[in-house]
């Protein structure tokens, strides 16, 4: 009996040790937790996609916790009774991403890369070449497309490589640059959508503001502010992300992640509150601003509908089309980023490391998170497609530009530009007559 008990004891110790090693390895190559993730965000979850994960509740650590014994105080005795910690039961198997999701993520990323470069570069070319497309809303859309293009060119290829190679060979500089560009791109998207919603309300509320050709000074100031604020808000990503080195199965792996031990109190607070900050500013803010100003715009249009003349019908139709286009862009943004933010919030609110059913929840959240990553990446290429489907003017310009890319854009669009410019002038003349008649009638 004694040899049998000794053998069972050794087997039990070996099993516990194996589970501990598996947990440490899983944590070392784990899924970026609350503080190490954004929505790209356009964010750290795409910088270091996981193959295995271990999520401690309320922790932002991605490194194994220290297993050293507690320090002995002076005198050789502990200050109190030894603390007893309840270790949660280990999962039956590692929570990991299967190869199927890797292939799906790679295919989606390649599609986003190709469609995003073609769509956003074509959109920028249309607005740059076509003089009648150079107005306030379209310049904001061009700013949004430029931010998406930077994210697509720099971030997506590196993210695909990181997922397949499970190593970070690009150095510390790229480890800081990739999440910085990704977060700046998301900030440009969010603030541009907010500016577009406000611009549409101003266009409807002030009927004397006729849409013309060229970039208004206020729009130029808005674009500069959007880029400056987006870059400033992305600076904590560059400061917080770092590259660590760890040994795994005899191999030396380099991992890029939001470091679990930050140097300053501000960065420690940022790491702790990052998911809630991303959800509130980068997701809820554009939706709230769009809902508020579009409600005001609808009330304004219903109130002033009786005072419109037939001469302004074409002008109002153009404004309604632009308003519909902006609303479509905001809706696409919400649909693309909802799964990723939902997985983060569910992880923060529902996960409990002492729950016996936490392994099933981890598997669900990991799948939901990867779906969210792919959906968020899709937002970088879907805006030109949405403009093509919603706006007739953009649809005609896309057809002409894509079908005749090697030909001179001015030669193909000269007649359409002249007709559009004459149409604007006619609308302006009709509106001036309408204002003059109202002025004399009121007098």
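In case you wondered, yes, glycine gets a Cβ from its N, Cα and C as well.
Residues or ranges marked as compositional bias 'Polar residues' by Swiss-Prot: 59-69.
What Swiss-Prot records for 60 (among others) is N-linked glycosylation site.
In this structure, residue 354 (N-linked glycosylation site) belongs to neither helix nor strand by DSSP; it is coil. Per Swiss-Prot, N-linked glycosylation site is recorded for 354 (among others).
Here Swiss-Prot flags 403 (among others) as S-palmitoyl cysteine. A helical conformation is recorded for residue 403 (S-palmitoyl cysteine) in the three-state DSSP classification. Within the same chain, no residue at least 6 positions away from residue 403 (S-palmitoyl cysteine) has a Cβ under 8 Å from its Cβ.
If you look up Swiss-Prot, you'll see 404 (among others) marked as S-palmitoyl cysteine.
Residues or ranges marked as S-palmitoyl cysteine in Swiss-Prot (evidence: sequence analysis): 406 (among others).
According to Swiss-Prot, the topological domain 'Extracellular' annotation covers 27-102 (among others), on the basis of sequence analysis. The average pLDDT computed over the topological domain 'Extracellular' (27-102) stands at 44.
According to Swiss-Prot, the feature topological domain 'Extracellular' maps to 165-176 (among others).
Annotated topological domain 'Extracellular' per Swiss-Prot: 245-272 (among others), in sequence order, evidence recorded as sequence analysis.
The topological domain 'Extracellular' annotation in Swiss-Prot covers 352-363 (among others), and the record cites sequence analysis as its basis.
According to DSSP, the secondary structure content of the topological domain 'Extracellular' (165-176) in residues is 7 helix, 0 strand, 5 coil. Across the topological domain 'Extracellular' (245-272), DSSP classifies residues as 8 helix, 12 strand, 8 coil.
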